[in-house]
């Protein structure tokens, strides 16, 4: 981060740089007891890749916890962000068992596609720092809702998230861990302030003891002065005693003023410590309250995701059934229309034949009576097929309307899921704003204490 301390370390020899990094991890990372076994100094000096990878993982975790804006990760490409997000998700899930699991996680080999079989040996033997490709889109809980919501009847495929690192840093699990870490830092700062306050109280006590001793010396000198005056001492000796007395009185006034200043500063520090303790108490209460709320929201989102997935599967199954019925109805309607056309052709042919036979004898008319009955049956069949076609048309319209209603319901469900996600984001933003205010108040208090400390040393 281009800090002065970090820049100065770059000019030091390798052992000092490694010592600095290990000290930094022990001071700032939660896994203090695991640093010795996870990143031994000798393996770092030897340049062992696994040890270097462990250091990179711990520094990634610390950097993500200290990051103020998730957009800072956008300078990496999407695949790199997915890889970093999978590592961060692993550390969050295995914080209590990093010693047992981190080495296994880093030593897994990356699957090579067939087209890259001829790649260099350094690429073939590189340690895997990411999860398999199929988990690139589904590495966090909220992404499940976005993925399932975007799979509609139009067969639209869900696109990848715009910022995988930004998404995982917005999850309740990450935010809760960041809040706990910030609260721990606030408590450490408060403990440091209390130690400084104790030291100032000790300094005040010492100053008061010095003042008491000086007052006693002044009292003794005053008594000696009175005694010497009674014994009619020489004027020169009286003048020396008077000068000493005046010098002691000046020093006494200075000490009294310094003691009063220290008492004033002590009162101010007491008030600020009380204010900081009260703010920490409020922050702890808010943390517990928001953590509970986040758990409830996460459970609600999980239930919503399950309900949505079940409804989506049921709706897709029903829609497939409707489409099958619609295709069958359309096919039957088409067949009926073809039959009607064939029958109407036969009817026209019979009507022409009957017209030609209109002037025939009665015997011949009797012979064609059968054709006339046949003709009547065809007309009845045409009427029946026409009625059936109308019914099929109504069925088609009903099926299409039901399909449109289901698509509208799916759209409404997606909107509700998005609204739930936005509410969770607003809550996290509010919490971050509260933490920022507490952080600014702590910085102001630290500046005041540094100023008071400099004044006391002066």
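Glycine is treated like the rest: Cβ placed from N, Cα and C.
Bear in mind that TrEMBL entries carry predicted annotations, made automatically and left uncurated.
Taken from TrEMBL as is:
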COILED    176-210  coiled coil
COILED    238-402  coiled coil
COMPBIAS  413-422  compositional bias 'Basic and acidic residues'
COMPBIAS  423-436  compositional bias 'Polar residues'
COMPBIAS  437-458  compositional bias 'Basic and acidic residues'
DOMAIN    1-109  domain 'Nuclear mitotic apparatus protein 1 N-terminal hook'
REGION    149-169  region 'Disordered'
REGION    407-458  region 'Disordered'
Reported mean pLDDT - the coiled coil (176-210): 87
DSSP residue counts for the domain 'Nuclear mitotic apparatus protein 1 N-terminal hook' (1-109), split into helix, strand and coil: 83 helix, 1 strand, 25 coil
Residue distribution over DSSP helix, strand and coil in the compositional bias 'Basic and acidic residues' (413-422): 10 helix, 0 strand, 0 coil
